[in-house]
Amino acid sequence: MCTLELELRSSPVSASSQWTVEWRNVSNELTAGSRGGRAIGEAVVSREKKRNQQQLEKLSDKTRGGRGAELQGGQSESQEIFVCIFDGVGDGSQFASSSRRRPIHTDIRWRRKERGEMSLLRNRRAAGGGAAAVATGSGELPVQAAYNIIPIQDVVMHGDHPSLRFPEVRAAVEALAHAADLPPPVMARSWDPHRADLFDWLGATFGFQPHNVRNQREHLVLLLANAQLRVAGTLPTDHPADVLHHSVARGIRKKLLKNYASWCAYLGQKTHIRVPGGGAGRRRTGTAQGFGPDIRKDLLYTALYLLIWGEAANLRFMPECLCYIFHYMALDLYHVIEQSIDIETGRPAIPAVCGEDAFLNRVVMPVYNVLKAEVEASRNGTKPHSAWRNYDDVNEYFWSRRVFKRLRWPLDPSRSFFVQPGKPGRIGKTGFVEQRSFWNLYRSFDRVWVMLILFFQAAMIVAWDGSTPWHSLSHRDIQVRLLSVFITWGGLRFLQAMLDAGTQYSLVSRETMILAVRMVLKALVAAGWTITFSVLYVRMWDQRWRDRSFALCHSLGPEFSGENQLANSISACLVVPDTYLCWPWSEGRLVDNIKYSIFWVCLLASKFSFSYFLQIKPMVGPTKMIFKLHDIRRNWFEFMPHTERLAVVILWIPVIIIYLMDIQIWYAVFSSLTGALIGLFSHLGEIRSVEQLRLRFQFFASAMQFNLMPQEYMGAAPGGIRNKLYDAIHRLKLRYGFGRPYRKIEVNEVEAKRFALIWNEIIQTFREEDIISDEELELLELPPVVWRIRVVRWPCFLLNNELLLALSQAEELVADDRAHWRRICSNEYRRCAVIEAYDSIRHLLLQIIDKTTIEHSIVNNLFLAFDSAMGYGKFTEECSLNLLPRIHKFVISLVELLLKENKDQTKIVCTMQDLYDFAVHDFLKNKDFEQLREERLAPSRPTESELLFLYAIKCPGNDDVSFYKQVRRLHTILTSRDSMNNVPKNPEARRRITFFSNSLFMNMPRAPPVEKMMSFSVLTPYYNEDVLYNKDQLRRENEDGISILFYLQKIYEDDWTNFLQRMQREGMVSDDEIWAGKFQELRLWASYRGQTLARTVRGMMYYYRALKMLAFLDTASEVDITEGTKQLASFGSIRHENDVYPMNGGLQQRPRRRLDRGTSSVSQLFKGQEDGAALMKYTYVVTCQIYGNQKKAKDQRAEDILTLMKKNEALRVAYVDEVHYEMGDMQYYSVLVKFDPVLQREVEIYRIRLPGPLKLGEGKPENQNHAIIFTRGDALQTIDMNQDNYFEEALKMRNLLEQYNYYHGSQKPTLLGVREHVFTGSVSSLAWFMSAQETSFVTLGQRVLANPLKVRMHYGHPDVFDRLWFLTRGGVSKASRVINISEDIFAGFNCTLRGGNVSHHEYIQVGKGRDVGLNQISMFEAKVSSGNGEQTLSRDIYRLGHRLDFFRMLSVFYTTIGFYFNTMLVVLTVYTFVWGRLYLALSGLEAGIQGSANATNNKALGAVLNQQFVIQLGLFTALPMIIENSIELGFLPAIWDFFTMQMMFSSMFYTFSMGTKSHYYGRTILHGGAKYRATGRGFVVQHKSFAENYRLYARSHFIKAIELGIILTVYAAHSVIARNTLVYIIMMISSWFLVVSWIMTPFAFNPSGFDWLKTVYDFEDFMNWIWYPGGIFSKAEHSWEVWWYEEQDHLRTTGLWGKILEILLDLRYFFFQFGVVYQLKIANGSRSIAVYLLSWICVAVIFSVFVLMSYARDKYAAKQHLYYRLIQFAVIILVVLVLILFLEFTEFQIIDIFTSLLAFIPTGWGLISIAQLRSFPGCLDFKKCKQGYFSMKLSAEASRYPAFLLARKQLQFEVLTRLSQLGRALSPLCSLLIQCGRLSCLLI
């Protein structure tokens, strides 16, 4: 790509001078992937002045689009520039013979350079590559180069761009422009120092990609410009605005490189950042003379880091790796700038990495290949984490000083770091080894468990004494026994040391021997303390029994003798280093530390008191009694004596488990109360309804002005104590009405108009979203001041009934004027309604009466008489106020006549005449006709033959929309009653209005002007979800005839009605046209109510719209606002701007204005500069990862994404483009595109090559990471694709960003938490349950986490990141495969571990959608639970558990993985309780214990059951929900919602959800298997089959529920307690409720779940699925066998300890058989072991019969069917004979058959469960063959069809051969297991 510049120079000397046209080579840019030479040479062509001038003027008119610019030679010095881009390769001769090669790309740019403008040398940088537009030939309009936000590389052509009006932008560009005196790049093909800037120089010097250079140039320019805009008020007054201040550049450099400086300090290295400190004599390049030191080095280092970061691709997840790269490249940069001499070559130093694309090829790719090899070796993350390196391992490799010796610079691929997995010399894990084990919970949070274990031990010692705790502690024996806790402590520390050594041993190598020494020493020290404590404790008791005192022998020293021994021993123990009870105030402010310490001290005191008095102490008595029992008769064979002690263990296990987990319950209670208290002090819920808003709306206007308008408008100086005091006083006035602040709105008319503009824009968006109707719009909007009305024209919904109340008061009250007026003024709305009605009636009457008539003069005089009477206070004396209601009726009649479609002039005249007669003859007192004539209130010569107003009435024309709008408002005020209390009636509109109004009375920072606010970006990851609903999705009906559109119409009835009304206003005649002319609008309406990308984009673009409006209000003068308000007042309301007649529509229609988001009322007043301010402050990037592939496939989603870009000019789309080459190579590019409104097509902005495939880790964070380089600004808000935003909330974004300037605790925040509103609560009952649960967490829960606990993390996507802080510390998420599947929360972990601060703010909210169906919710909870299981193994959790102080560590544990672990403990409590009770009942211990020590009727058991049941029912979750709803909605509504949810079986859902969490959390820790589960987030309108529900819930719920149900049934049959029905119900109701919930919930919450016909179809479908044989092409949805193999995938990759624990758990089924067989009648009460052994013989016989039948079926069923039937008959006869013999000669009874089934079915399931732990070779080979077949199929389809047939035949032969070889040995066993599994499924 060769760029030529055409310069026309004119000389001012004479008019006859010649013009010279000069073609000059400007730059040489190559398109992506092309190679070419450079065009050289210079062609000069001279022409006559007149001819050239004519051509130039002609071309100028085309280029400027008719702007009328002309060249005037000889008038002044000027310079015109043309730049033409030609596509070609050559030496420049091609340009001389241009006729032989037609230009392909042409880009002509024009601008006149006047004196004082920026130098053109830095602006003539041509756009490169694919960004250039295509022109087809001469004569066409030239195409401008594509740019992102600011046309930096083409400032000349875009000189009128709105963002370039800021001098700060020009200052930033100017500061980067000076590179002429820098050493020329060695490897650059062509270099023009006068045309290059610092970024060009760095790109050429170090080999960065050109598009990366362009991208980061704009990035830094925006950072510098916005930073200087913010500090403009603090700079010296003599500093010019168009010169970059040195503090701005230095501040950005320091913040960006702070992590690098910390890394160097940690490793003991000096930074390679060498910048001048300022002072005289230094060269000041890049700044104006005398304005600070040289900032160019600051800019160079900043730009270098940004270029490294922008091209690092996947390396951005490894911040210290980037620090290492920057460390050496910064050193190279210093040597190049200083022109150092290389000591080896003796020549000037050159960078170690240079050349074309050198950075990508020589730096990024080697490290990327290491990551890629590790991921490939991990088998998609299924291998153990300890076997491969993830992102964190590679990054932590750079945490060691040895990296400088190991790796060197430039990167050497021969180093061990680059050795591939599986080869010798490879470097293993670094820093931490993730091991799958539940011991990670103890390792990470050992202080929690040490605390719980030691207190339990101490409580047992004290409780065993039997007296009160304080009495027991006074005994010396008890005190000494308590010292045993230190022995336990030592043992636990030794256990911790052994666990550390056992899990982290693989970190030890030759270079890390110090780590091994540390592990050994840690274990030795712990063992030493344990032994020391044990010896001291034993010697103390020896001395006690020998001397009857606790004095140790004198040989231990005097300090341990006598009475001081006990105190000295305790003192010795307390000085043990590294104890768990460390001083908690390790960091942060003292106030914060005190707050969360008090929280946990109170919580632990309550928990331990409860545990002692209600859990531990009540169990001591029964335990002592059981220990005294002997000779209890057993019902089975005893393997060991004294098993009654086992009964003690069984009774204590549930108590201990609940004791370990009930801190979670206490945390829920305390956090709820604390959150409620904080919410009340934060002024949440003060405005809960529209009625309460009416009471405070007058203050609401001032609150909006105070919070949303910049401080300059409020008349207070920014900053300082004075300003803070002013803010506090004013907020008190706003909240409580001190000083009546609404008076200010009335006096200051401009502020009232500004408030009206904001309020009306909010109401406008409500109408655009169809949540209010046209009628409600007019009732809610605040109209402009017209008709000379003297008061604020409040919205009509505030004035309802006020005028009628004033009239009734005037009619009933007998008083003077002052009393009447005092009563009216007691209510502000009443006062305004009265005055507005009076002024409106006057203006209405005077306007409809011709001004030239006597009637007009009479009416005017009449009103002047009224004014005079009121002025002198004689209105009550001169007028009959009791007649005002009649006048009111006349006025209403007149207004209604005016509002009719066909106006009846006669009726109007008659009504006017009646009104006049009544007013002058009846209403006025003591006025005869002569007096009326004297006062000119009556005509001088009346004529009785005609009416007074007959020819005077002239109604305004039908096109006077503004007039009729005011008449409608007057009619509303005159007739309004209490019916307007429900305006708006849509619940969502009411909620948004009340929340927004309430938030303005909360504490929030003052809003700065838009120009001075922090800039920010929004990033939304998108993969393949719905963008817009298509026609098929909307109309497709399920089996019940329900479509998505019908479903939406029913759940959003108000919205649908409003939408139809809007479509009718836009021209739709009938509803049938909705599928034709208005189909796109229908798609948008439906998509905006789903969880689609369109909804998210609409919400996020509200930021852009809000910023443009705020920018206008910031800069608009009083004249602008006043004139603009008048201009808007000339238009009608949205409802009637098309229709002339206000009631039923008019005959003539004005031109329609579509109700589109791009247009609004305020946008009509914009001056054009608002776009520039908004673009500089806001960027929205949607990262559509596969958008490129979707475009190639012509996917509808790609077209919909393009549609969204067309509708939203500020929207940018980033995607990964895969480019295939002829040689089979593939290259990947990060591409940014936008829609160009001029070209009317999508244009490419940047294209940056990636080192390889994008996805090495989890998909979502990788998708975010590749697009984050295209974001801009100081802050970054991450928004998921299921989120929404609201315009009124977008207005508060600049307030939120100001929080970065406030201290929250000991430091300023780095992550701003934002409140969420779950908008899917109205979709279904399940959605309501999820919405309520989620709302309590995102409000009250996160409120407490942030303050006082100081442990709030990043839990979702509305949070706002300090962008520069996070981009230098690994990004906004982590992406390692599997371990970081819950990628969001790791950003919070990373922030906390790296010293960041997270805050939470509730005055702003963002919408969020949740899953609405049971299957969607279960998959989501499975993903989150699995993610928490992986978090348990992670290094982040381990480091948080060890590096935080004790109380913050407690907060982290119980709010992250502790919640899921404790949920699992609840389920484990049910299991242990039920199995323990079954053991007691079947063994006979229960009967013996029940007679002596009643262990069922005590406080401890009751406390355990109650706590377990509380958690099961969801009360544990419901408490925060009730309290939060009480704050925001009121106590009674909250209680009513709770009971309503209970009636809708919410407890069943929460119990079911508890099973999902516990199953997937425990399975993930044991076996792995965590994966992303796509839920779809769609609407649930279709019945789910039982087979689908079974596949999803069989292992997690159904099987476990059936197991518990069988146990409970057997227990009820054999327990002595079950004879007392009440006791049994009380004990087992919670367990039975769990069983019923786990089985019935999928039916209860399934659409048509209990429909009989669907039940029949489900059964048939299930049976077909069960018996369908598995095969190569079978899927889990089709075959039970395939589903079974997929369900066991996690067991095939589990480790040894996981298999052992799984086997131990499965042994419980064999115990069940052991207990039940002794209850058979055939056993005849025998307790011999032979009974159990014979039961196994029965199992073996049944197994043999089953094998025989399977073999016979396979061998004879097909061809020798008679043999198969004979074998069946023989087996049946044999079974019958055996039963007859048993009945005749033994005690066998028929009931034994069913009892045996209860015994043998669990045994069979146990055998299957154990057998599945072994990977059967046949199954694995079957799977491999399946995968091989698919790959061969894809390959064959690429060639000819016969090749595919041949491959298929060959593959079938290989498969059959392999299976036949394995069939002889494995077929019976596999078939048996499959059949057993099928039978188990059928029995279940």
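Positions of Cβ are set from backbone N, Cα and C atoms, glycine also.
Among the ranges 171-191, 591-611, 780-800, 1788-1808, the stretch that TrEMBL annotates as transmembrane segment is 1788-1808. Here TrEMBL gives transmembrane segment for one range in the set 314-333, 1094-1113, 1534-1553: that range is 1534-1553.
Averaged across the domain '1,3-beta-glucan synthase component FKS1-like' (296-412), pLDDT in this predicted model comes to 91. Counting Cβ pairs under 8 Å to the transmembrane segment (1534-1553), the stretch among 478-495, 1452-1474, 1623-1645, 1763-1782, 1788-1808 with the most such contacts is 1623-1645. Remote same-chain residues near the transmembrane segment (1452-1474) are listed as 441, 445, 448, 650, 653-654, 657-658, 660-661, 663-664, 667, 1341, 1345, 1349, 1351, 1353, 1385, 1425, 1428-1429, 1431-1432, 1437, 1440-1441, 1444, 1504-1505, 1508, 1511-1512, 1554-1555, 1557-1558, 1561-1562, 1604, 1607-1608, 1611, 1630-1631, 1634 (criterion: CB distance under 8 Å, separation of at least six residues from the stretch ends). Residue counts for the domain '1,3-beta-glucan synthase component FKS1-like' (296-412) by DSSP state, with H, G and I taken as helix and E and B as strand, are 76 helix, 2 strand, 39 coil. Between the transmembrane segment (1730-1751) and the transmembrane segment (1788-1808) there are 3 or more Cβ pairs closer than 8 Å, counting only residues 6 or more apart in sequence, so the two stretches are in contact.
Sequence-distant contacts of the transmembrane segment (1788-1808), counting only residues of its own chain at least 6 positions beyond either end whose CB sits under 8 Å from a CB of the stretch, comprise 1599, 1603, 1606, 1609-1610, 1706-1710, 1712-1713, 1716-1717, 1719-1722, 1735, 1738-1739, 1742, 1779, 1782, 1873, 1876-1877, 1880, 1883. If you look at the transmembrane segment (1763-1782), the same-chain residues 6 or more away from its ends with a CB under 8 A from one of its CBs are 1722, 1745, 1748-1749, 1752-1753, 1756-1757, 1788.
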